[in-house]
């Protein structure tokens, strides 16, 4: 069933990808068959004013339009700060003509991207922010949570740090949330150039000294008035409010989701200011709006951008046609660190998105908190552990009849398997009224929430879903008593049903369990490497908490029975939730080290990440296997350690342009992308994808070792940023059997005058422990001076 669903999903995605471009462009002018296209023209030429750039866009556009069509009447948006370009309603012929014009890098239909909240609608009902102040006091090196959870780094003192501004490209913000109260904040930084746009149910007074900026990009511009959601910075989805508070929310005491996950919720960089760029609505996130958000954020003066959205992993565009890759490249070139979610298409391999090397890409992991809702069986009153979020009003005694879905199959249904999964329309309502129903659940099924609604409407008093994959993600059912158990736990329930003539049970209301082990675990939905676009850049970069994260939410009318007011917080899962944890950590590093580049900040976060769980063992995936760098990159983010990494791997625009050369772009295209390059710029004559491995990245990926004769070597350079200038670092290698790894030199001696040193890593062999070629082989190189441990993961594939 799951395989059939995956094939169907691929077909649907193919269909939606083609339709998405059209939807992003809207209906346009039906008479001309136009839709919105993005015209990307690279960096802003030196000494070019925004007004002059806008005029040049209109002039260029006028050369391809049919007689009678004015350029200013078809332009939807113009980009003039961080990069040059525009979005306009064009016919296919006009778009093709623009592609041939000098100065144009790419022209592509305006795509529609999706928020990375979850992989199924089930997850849209959840949230979490770990709140365990004791973990901060204990100061455990393996950090069980970050950002909105309690193990965030200490706030910088005014004397030691500068103020930072976190921008978010998201679904908007709910300014009334206590997470954005500005009590105790000083004046808005004078370097801030942003604005607080008025819109539907939103005016400039909604911003303050905490929420200092809010912009929106009206979807009616590209989708037409009939789909005009997004006419305000106000969040009507909840996603942007959640991510903003996770990245930079104030400390809010007594936060909970109707009593669950109670404690103090706060963002990873609570001292940071927040700027929201609403680029998404319920219908998705148009590429033209995403680019506008990047363009404005750079001009406004943000320090860090958090972007929890992306393309489908099955139809990802090339870097020069990907709004996130384009916008982030120019943001990073201007000194803005960009953090993106890796996507929610795991656990399949090669599903990671937002994999450009200038982006910090984040996978999702669990925290040490669980939401337990047990099943109590009749007879010996044994309890079977389950997990979900429900506010069950069932009697604590097991007195409700219990039936398996297969036993309640409707006589009009021939498919017993569908009935065992409690698919809508497959059960006899007379057989389930007043009963708790046991249902199998697979990934390709109707969502658990839809099943629960159908069972409730049919008169069932509760539901137990059997699912191994999604156990860690707690679905919210509110008043309907429902829970989720593993197949191993379900065996006890099934045995009891088979042994009893009148099986009975009850479902307990949810209880919060802390200190849950093992944690972290890489979430099953988190997208995995390798990057299909550039396998010689290891992605994702790091992992962060992204399962059942408690953070601020918008008011809702869906309340548990007995509740009079909507919770101001909600439990949600997805790499969307992991991304702002790392954005908060990046902002704190930037506050302590204001002159550090985005690459240095990324390096500090990656090389100090941890690989152990709270049981002292190696971090695993949800399936129980040891997590590899394709699952969680360098490991679980450790924000406090990132403040003092010892060494960093620097990279700048020139390095990324070298990457583009090796990726396959020609010098003419790269000159347009960069604009400030000397006239004689040229890609190296030996440019090849294999040389991407030489990018000065904090991790190492080498593919095609067999083609290289079983040998390869890469070069790296590290810069000493520690307090001690005269210091020596020694390399330690962890390598799998069958792969020989050598670091030359094995010692790096830094002095007051020598801050940056190079080393080479050579690989030979390329057979795994079973003697098999081709399998990915994982290891690490760690430089240490006795205090700092600067770890770089590597993967070698032959």
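Just so it is clear, glycine is given a Cβ too, placed from its N, Cα and C backbone atoms.
Positions annotated as signal peptide by TrEMBL: 1-21.
Taken from TrEMBL, the feature domain 'Inhibitor I9' covers 36-116. Across the domain 'Inhibitor I9' (36-116), mean pLDDT in this model comes to 94.
Annotated region 'Disordered' per TrEMBL: 142-161 (among others), in sequence order.
Per TrEMBL, the feature domain 'Peptidase S8/S53' maps to 163-616.
Per TrEMBL, the feature active site, charge relay system maps to 170 (among others).
Residues or ranges marked as region 'Disordered' by TrEMBL: 221-246 (among others).
Sequence annotations record features per position, and here TrEMBL assigns active site, charge relay system to 239 (among others).
Annotated domain 'PA' per TrEMBL: 413-492, in sequence order.
The active site, charge relay system feature in TrEMBL is assigned to 576 (among others).
Residues or ranges marked as domain 'Subtilisin-like protease fibronectin type-III' by TrEMBL: 694-796.
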Look at each of the active-site residues, 170, 239, 576, and point out the one with the fewest other Cβ atoms around it within 10 Å. 239
What's the CA-CA gap between residue 170 (active site, charge relay system) and residue 576 (active site, charge relay system) in angstrom, rounded? 10
Tally of helix, strand and coil residues over the domain 'Subtilisin-like protease fibronectin type-III' (694-796) according to DSSP? 1 helix, 59 strand, 43 coil
At the Cα level, what's the spacing in Å between residue 576 (active site, charge relay system) and residue 239 (active site, charge relay system), rounded? 8
